[in-house]
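In what follows, a single structure is set out as structure tokens and then discussed.
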Amino acid sequence: MNTSRFIKCVTVGDGAVGKTCMLISYTSNTFPTDYVPTVFDNFSANVVVDGSTVNLGLWDTAGQEDYNRLRPLSYRGADVFLLAFSLISRASYENVHKKWIPELRHYAPNVPIVLVGTKLDLRDDKQFLSDNPGAISITTSQGEELKKMIGAVTYIECSSKTQQNVKAVFDVAIKIALRPPKPKRKPIKRRSCAFL
């Protein structure tokens, strides 16, 4: 009997960056058109990666401040985090290191992080950018820079609407959870003892 390993994957990030859309796009190959703020939700699916079947538990969390005390309850037992920001929102990009990294490092310090830039289809959409003058595009190099700054394992950009790279986000997360990176060891300080 082949027992599949359970992997808990938790999505975090500001409200309205597309976390729920990314999960729905991945699990049902559809794109929801109505925005409904998430309080908490989860999905489960059996997935085959590199010939191994895993039971992937997807935990969707609310990014709104109203849920700051409730959200960390979903972090317990996480194998990997998908930390999402919108590629058309400078505020969500900045909150990755201002809000989300401190929260994740406090509640789940050793869990690997996949940094995800969402809404890739809108980054170069001239009509959208014209209609939304407050939208500021985040470049791939800025995402890579942020990945290094926060110590994420990898960075990937996706579009839930077009499904570009959505499967890749979850494939990478599963592979990281199955073979998490070894934590960097702090150098051991040698203490010496001197007798006088």
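Cβ atoms here come from the backbone N, Cα and C positions, even for glycine.
The motif 'Effector region' annotation in Swiss-Prot falls on one of the ranges 35-43, 107-115, 152-160, 188-196, namely 35-43. For A16 (GTP binding site), the number of other Cβ atoms no farther than 10 Å from its own Cβ, over all displayed protein chains, is 18. Mean model confidence of the motif 'Effector region' (35-43) amounts to 67 (pLDDT, 0 to 100 scale).
Cβ neighbours of G13 (GTP binding site) (same chain, under 8 Å, six or more residues apart in sequence): K19, G63, L83, A84, F85, S92, N95, V96, W100, V116. Look at the Cβ of each of the binding-site residues T61, Q64 and count the other Cβ atoms within 10 Å; the largest number goes with T61.
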